[in-house]
Every structure is written in C-alpha cells, then in structure tokens.
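Participant: First the structure, which I've put down as structure tokens, then a few questions once you've had a look.
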Amino acid sequence: MKRIGVLTSGGDSPGMNAAIRAVVRKAIYHDIEVYGIYHGYAGLISGHIEKLELGSVGDIIHRGGTKLYTARCPEFKDPAVREKGIEQLKKHGIEGLVVIGGDGSYQGAKKLTEQGFPCVGVPGTIDNDIPGTDFTIGFDTALNTVIDAIDKIRDTATSHERTYVIEVMGRHAGDIALWAGLADGAETILIPEAEYDMDDVIARLKRGSERGKKHSIIVVAEGVGSAIDIGKKIEEATNFDTRVTVLGHVQRGGSPSAQDRVLASRLGARAVELLMEGKGGRCVGIQNNKLVDHDIIEALAQKHVIDIDMYQLSKELSI
C-alpha cells in the first residue's frame, strides 16, 4: 500500500488531532503517502482531498478539535453516494482509509468495506460508547472538563446551600455522568443504562438533609431526560433551593489530556499498521492497556455496556 487517506467524522473530540498526526507520521515513516479528507464523508463525496506532509501535522498534538474539520453526512447511507466517495478515493490513488470518529463514522467505514474499499476505524468520541475498546479518544479530556466544572459548581452550591442538577453529554451512554459523578462524590447519578425512581432520588436527598447536609449534586446524562424537569420535580417535592446547569459543548473542546494524546497516538499508528498488513474492515481499540483490533462489522453488532459494578459503587458511596 503506497497511499492512504484519513478523515474525521461526526462530533469532534479532543485528541483527534493527535490521531491524525500519528497516522500521517507513521505512514510517512514507512514511505506511504497520506491524503487528508476534509469535512468527513461530506468532503469525501465532494473531493475535498489534499496531500498531507510532515509539516501539515506539526504543532497540532496539543490542540482540541480536528485539523481536518468534521461534519455529519446522513446522505452517506445511500450506496450510490458512497460509490461517489469510492470514486474520489480511487481518483486520488488512495488504497486504504483511516476513519476517526464514533458510531456513525464506523457505520460509514463498515459500508465502504462492504463495497470493497478497505477501511480501519479509530474510536474518537467523548461518549466512550464504542464497543471493542475500554476508552475512546476524547473521553478522558471531556471527563476532566466535567469534573473541573462540577468542582466549581460545588463551591457555589456549598456557599448558597443549594441543590444542583448538572446535565452532561451522553444520549445513549452514561460513562461521562458515571465517572464524573463518582469522581466528584455526587449524591445521585442518573444514566440511560439504569432505570431510576424519582421518589427514591427525592428520598435520598431528604435523608441527607435530615442528617445536616446543606447541599447536593445530581449528575444527569442527557439521555435520561430533561435536567430542567428533574430539577423542578426535586424543588417541588423538597422545597430545596435547586438550580440546573447544562454543561453542553464545552465538554467537546479544550487541549487533550496526556492520556488522550497517548491513546490517540497509539491507535492512529496501529490503524496504519493494519492497512500495511492488508487488513481492512477492522477497528482498533485498547483493552487492559493493550492494543487490539476487531472486525468492524462484528464490533458494531455489539452493544456498549456500562460498568454496573462502578454504578453500584457510586450508589453505595453516596448514602
């Protein structure tokens, strides 16, 4: 393989630039040319493709976002549209493609693979919801952003003796809420993977108040439902002074953590190795701190599973 492409797709995550850098430098080290595809699958279809050199990826390892930009491209679900993308790849002499992104990006890579073009998926999403890897690129940075925000909110919650409901990202996965809530000692953590009883949440808050607790933190993954509605129910049932904070897109930005930079570098380089070995249709990951790769079709057939033991621990420690 003499020429490969790389793109980022879907929601951005801190560390994507480190992954791009690793792909480019690993490939060039092995005398393989690299072409960057801008704006994800949309750029692939339109032919927004440029050759990347060593200097193209200088001074980006510490930067959030993605140098290649990103976009969502629902029309890529159409086989005829994907064929246009494959034609663009062949036009530029590209023989393999590294796709950095989340579940939707993997779906695109899977479809390209099924249409005969070799792709390798690299997990880049703050949600940490990609099967086949313990951690995704961007999760650690987003987690630390959330923890920093909750630390600050707890300061004001303590000062004003308030209850705060804090909504974090995670439409289908509660990893950010669970890890941040546990790390910050949240009184309650609500995630999409676990049912909850609002009466139980209220009862726990009241028990805390009865033993002298003056403030509380509830961390809610967005997939659970409206944090505003939850806050209203709490205030109506308890008369506690309650505030709601939705952290939003601040979770996606910022300089990637050391862990995300290293993870992205390892995964990006491994993706290139797989293409060099002629192994398309794979996705890379890390499990027990060891690099792994899986069939991308089989990986997508699996479901991300929350750490139930950790969730139970959070409940036991927040009595």
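Any Cβ shown, glycine's included, is placed from N, Cα and C.
As listed in Swiss-Prot for this protein:
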- GLY11, ARG72, CYS73, GLY102, ASP103, GLY104, SER105: ATP binding site (BINDING)
- ARG21, ALA22, VAL23, VAL24, ARG25, ARG154, GLY185, ALA186, GLU187, ARG211, LYS213, LYS214, HIS215: ADP binding site (BINDING)
- ASP103: Mg(2+) binding site (BINDING)
- THR125, ILE126, ASP127, ARG162, MET169, GLY170, ARG171, GLU222, ARG243, HIS249, VAL250, GLN251, ARG252: substrate binding site (BINDING)
- ASP127: active site, proton acceptor (ACT_SITE)
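Describe the structural context of each listed feature in the structure shown, including burial, neighbouring residues and relevant distances.
Facilitator: Its Cβ taken as reference, ASP103 (ATP binding site) is surrounded by 18 other Cβ atoms within 10 Å in the chains shown. Under the three-state DSSP scheme, ASP103 (ATP binding site) falls in the helix class.
Counting every protein chain shown, 31 other Cβ atoms lie within 10 Å of the Cβ of VAL23 (ADP binding site). In the three-state DSSP scheme, VAL23 (ADP binding site) falls into the helix class.
Counting Cβ atoms from all protein chains shown, THR125 (substrate binding site) has 27 others lying within 10 Å of its own Cβ. According to DSSP, THR125 (substrate binding site) sits in a coil region rather than a helix or strand.
All chains included, 26 other C-beta atoms sit within 10 angstroms of the C-beta of ASP127 (substrate binding site).
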Participant: For ARG252 (substrate binding site), what is the secondary structure by DSSP, using just helix, strand and coil?
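Facilitator: DSSP call for ARG252 (substrate binding site): helix.
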Participant: Hey, of VAL23, ARG25, LYS213, HIS215, which of those binding-site residues are within 10 Å of THR125 (substrate binding site), Cα to Cα?
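Facilitator: Candidates kept after distance check: none.
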Participant: Using C-alpha atoms only, work out the spacing between VAL23 (ADP binding site) and ARG72 (ATP binding site) and round it to an integer in Å.
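Facilitator: Cα-Cα, rounded: 22 Å.
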Participant: I need the CA-to-CA distance for HIS215 (ADP binding site) versus GLY104 (ATP binding site), whole Å please.
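Facilitator: Given the Cα positions, HIS215 (ADP binding site) is 40 Å from GLY104 (ATP binding site).
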